[in-house]
Amino acid sequence: MKLYMQKRCCGIIAVICLVLIVVFVLNGCQGQKEKNDLPAASKSSFLMDTIVSMKVYGEKPDKVIEEAFQRMREIENEMSVTLKSSYIYKINSNPGEPVKVDSDTFRVIRKAITYAEITDGNFDPSIRPLVSLWGIGTENARVPARSEIEEAKRLVNYKLIKLDEEEKTVVLQKPGMGIDLGAIAKGYAADEVRRIFKKHRVEHAFVNLGGNVLVVGGKPDGSPWVVGIQDPRRERGSVMASFKVKDKAIVTSGNYERYFEKDGVVYHHIIDPKTGSPARTNLLSATIICDDSFDADALSTSVFVMGVDRGLELVESLNGVEVMFINKDLEIILSEGLKNKIKVLNQDFKLVGNDNDEQI
Ligand code: ADP
Ligand code: MG
């Protein structure tokens, strides 16, 4: 059995990968004349189970970066599913008991439940029993027996998470249930990093939490950032398309992030709560572009589970949200607002369903 945990690589390998991500995901940030010769700083580190990198232009950029990393560490400590001191660990270890949580954790759980409602349970923060059963991204990854999947599935139901707004408590109503915020916490963290940037009047910056990219303003020379979309078939940093943005969150969920292969079948880390198994759409990745990373993160996981038809329908019903799907035939499917905005860099990929082929 082959086991892949791209996001868990650490140490030197992580740092090397990181350089690639910065260069390719946001290419063009080097070699430009920088506005007023603004001071700039960048940093990368392994955090929230992934590689986090950021670049900040403005006064005292090192200080801003330190504060941003401190905030992300705080969020990780509150919401990690494995850290014994986290609120999520406490909730999961005390089913039936109201567990008092901090305002960050409460907000993220509440938002996750809202997305569960919007997506009719395709996104479900109570997915933990299925995630731990499959163990994808851990040393215990395996294909469980049908009976085990059925048993774990019965414990996955966001309607059994009860929130008390006044007391800021969370109760899991069935023993064995568990919350997992892996599909949304990084999005929240990216928005919190942006809040810190704004507090320090930073007008040009980006943060990338392992595929959750958020850009502030444009580049210091006034031009937009150029964001690259990961080629789902290739090593991290290989870009197959790009587009230009200012002030946006861009989040990709892909079947290549964490997976293992057994008997020629790829089992990835995004679970369809209805089947209890990795989502079986014909997608390689789904990228959401909108104003807030919190929404983009929840939605990219959601539409990956829902597939192209239902995913597009959901995205088109929401204001200011765009999506780019890549399917297994290497076709690119775009929401209306993205048409003619994507530059395809690798001719293996074909835009489909577009009114005209013009590209920027
Ligand atoms: P990543 O965290 O790799 O960037 P996602 O944001 O798509 O990718 O989140 C995937 C993670 O979310 C999984 O590792 C798991 O912890 C959790 N998860 C898996 N399936 C679902 C689902 N249907 N709804 C909510 N969370 C999920
Ligand atoms: Mg997500």
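Cβ from N, Cα, C; glycine included.
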Of the candidates Ala145, Ala152, Ala183, which does TrEMBL annotate as part of the Mg(2+) site that also includes Asp297, Thr301?
Ala183
Residues flanking the Mg(2+) site, with Cβ no more than 8 Å from the Cβ centroid of Ala183, Asp297, Thr301 and excluding those residues themselves:
Phe123, Gly182, Ile184, Lys186, Gly187, Val251, Ser253, Ala298, Leu299, Ser300, Ser302
